[in-house]
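If you check Swiss-Prot, you get these features:
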| type | residues | note |
| --- | --- | --- |
| BINDING | Glu118, Asp123 | Ca(2+) 1 binding site |
| BINDING | Asp148, Thr152, Tyr154 | Ca(2+) 2 binding site |
| DOMAIN | 64-98 | domain 'EF-hand 1' |
| DOMAIN | 99-134 | domain 'EF-hand 2' |
| DOMAIN | 135-170 | domain 'EF-hand 3' |
| DOMAIN | 171-206 | domain 'EF-hand 4' |
| REGION | 1-34 | region 'Disordered' |
Amino acid sequence: MQARGTVKVQGDAKVDGKMSTGQHSHHQHLNSTQANATTTALEYRAMNRPLYRGPISHNIISEMAEGFYVLSGGYKKLFIPSKDVYALMQNVGMHLTEEEFHDALRVIGQSEPQNADELSFSDFLLLMTREVDDTMADELRSAFFHYDKYKTGYVTRKQFTELFATLGERSTPEELEELLAVAEVDETDDKIDYNRFVNELTSRVNCM
């Protein structure tokens, strides 16, 4: 299983006693040591910045589907345990803490406690292959985490405006209204889903 800037199941990586043979066409010009070092660096960067810039090809989707199948124990299941995804990352050299892994789940919108134990294929694909505008999304989410002490995935309207009133160059009232429009909130909304906001903002930036 291989994706650009994401987790790859290599020849001897095992999940629940099963083995998956990865495709190595992107690294044929590298020797084994260089390939492993490059892959590990990309994997680490991918989880610290879980989104990458680039199209998702049919081959990548197929490889992700293969990995999802392996994690399902060889059965066609709709969901796989998120703990197995975490174990896979540990097996391929991504030594993430559980907190870092759960932060990655929050990035893809899995902020509700009842949704955190399982991932659908679309969630799995999203976790591994999303786009990003360099460091902006991570830095912005980190700023929201300061207000979201209990990791709910939401901030209040007041916290949202306070953040952008003090972040970098202060936003004007007009700019704040535009940001609230991106967040798709009106005057009656007090809670803002900041993951959804960052995703929408990043999508618009990437389309520029």
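Each residue, glycine too, has its Cβ placed from N, Cα and C.
Between the binding-site residues Thr152, Tyr154, the minimum number of other C-beta atoms within 10 Å of a residue's C-beta occurs at Thr152. Note: the CA-CA distance between Thr152 (Ca(2+) 2 binding site) and Asp123 (Ca(2+) 1 binding site) rounds to 18 Å. Neighbour density for Asp123 (Ca(2+) 1 binding site): within 10 A of its CB lie 20 other CB atoms from the protein chains shown.
Note: the domain 'EF-hand 4' (171-206) comprises 23 helix, 3 strand, 10 coil (DSSP; helix = H, G, I, strand = E, B).
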